[in-house]
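As recorded in TrEMBL, the features of this protein are as follows:
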| type | residues | note |
| --- | --- | --- |
| TRANSMEM | 12-31 | transmembrane segment |
| TRANSMEM | 38-56 | transmembrane segment |
| TRANSMEM | 89-108 | transmembrane segment |
| TRANSMEM | 120-143 | transmembrane segment |
| TRANSMEM | 155-181 | transmembrane segment |
| TRANSMEM | 202-226 | transmembrane segment |
| TRANSMEM | 232-251 | transmembrane segment |
Amino acid sequence: MANSDLETQRGIYVSIIVGSLVFGAQICLYVQSFRKIFYILFGAILLVLAAVGGGTNMQLGQLMWIQYPDYPGGAPAYFADHSSDWYEVWGTGCVSFANIMGDGLLLYRCYIIYNSNIQVVSFPFFILLASAAMVVITIVQSAVPQTTLFSGLPIHFAIAWISLTVGFNVIVTTLICYRLLSFYKATHKTLPSEMTNTYTSISAMLLESAAPFTISGIVYVIAFAIESPTQQVFAGIWGVMVSLSPQFIITRVAMGIAWNKDTVGRFTDTLAFRVDTSGTFFSDVERSQIIVVPSNKESGEDLV
């Protein structure tokens with residue numbers, strides 16, 4: 001077996017193990033999100049999609065390494081000949097749909113954090129639409145017999161899809177991090193430290209902006225574009241992060257420590273009280289950073 005083929009097989013094996021471990025973490029997060037029907041349904045769909053995506057990879061590994069170890073040409077030939085089998089296409093479709101769901105949730109989070117400003121999210125929204133279109137084309141092309149998602153014509157569509165979704169996540173992650181940093185700079189000397197630490201800390205920025213998913217996507221698209229044997233490892237990591245990152249956000253919301261209109265309303269109410277009692281005044285720029293959304297006492301029922 002050639003070294004590149006051996007590295008590919010190792011990559012598939014490692015990705016299955018990593019995927020199984022992260023899937024266990026996702027189950028734990030999902031259980032903690034049992035608070036509202038939206039969290040339960042959204043998280044359950046992500047969990048099912050992740051289970052199907054990981055299960056199809058396990059099935060391919062079982063057939064390739066255990067059931068047909070003497071396949072002509074070995075495991076690399078089996079992988080090339082059966083990557084377009086129905087269950088593999090089904091698994092790719094599940095991961096792709098989870099990706100669209102996660103990106104949609106992230107875009108809505110950005111929309112909320114930016115005071116329901118459509119102009120801010122309009123450009124990322126069109127990128128999301130283009131990414132969804134490329135997902136459909138990629139799945140259709142990968143279903144053609146004797147093709148694989150990692151070679152031939154499908155890889156070009158897959159690179160376009162992954163590049164679009166990674167680009168989308170880079171933009172939205174940057175927007176959210178910038179907004180939270182701006183809010184922190186405007187309030188860390190005014191609001192209690194426990195409040196700013198909860199909603200504007202580094203961990204809050206990383207999870208609210210889905211930064212781990214964005215970083216794993218950047219690494220994966222580079223390995224994918226240069227057709228590195230390690231792409232299988234990063235594909236597995238990126239594939240599980242597709243559903244894990246949104247689950248982090250849902251868990252934070254369910255625990256009451258994520259940004260929503262009610263949360264920001266409490267921030268602005270507290271800030272207004274402190275301004276009234278301390279006589280502290282802010283510039284127009286500082287006020288624009290502080291008041292993210294109008295205070296709305298009835299907004300606590302917002303899903304995210």
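Placement of Cβ uses the backbone N, Cα and C atoms for every residue, glycine included.
Please treat TrEMBL annotations as automatic predictions, because they have not gone through curation.
Long-range contacts of the transmembrane segment (89-108) within the same chain: residues 42, 45-46, 48-50, 52-57, 121, 124-125, 128, 131-132, 135, 138-139, 142-143, 149, 161, 165, 168-169, 172-173, 176, 209-210, 213, 239, 242-243, 245-246, 249-250, 304, each at least 6 residues beyond the stretch ends and with a Cβ under 8 Å from a Cβ of the stretch.
Among the listed stretches 38-56, 120-143, 232-251, the one sharing the most Cβ pairs under 8 Å with the transmembrane segment (155-181) is 120-143. Within its own chain, the transmembrane segment (120-143) has Cβ neighbours under 8 Å at 83-84, 88-89, 92-93, 96, 99-100, 103-104, 107, 110-111, 114, 149, 153-154, 157-158, 160-161, 164-165, 167-168, 171-172, 175, counting only residues six or more beyond its boundaries.
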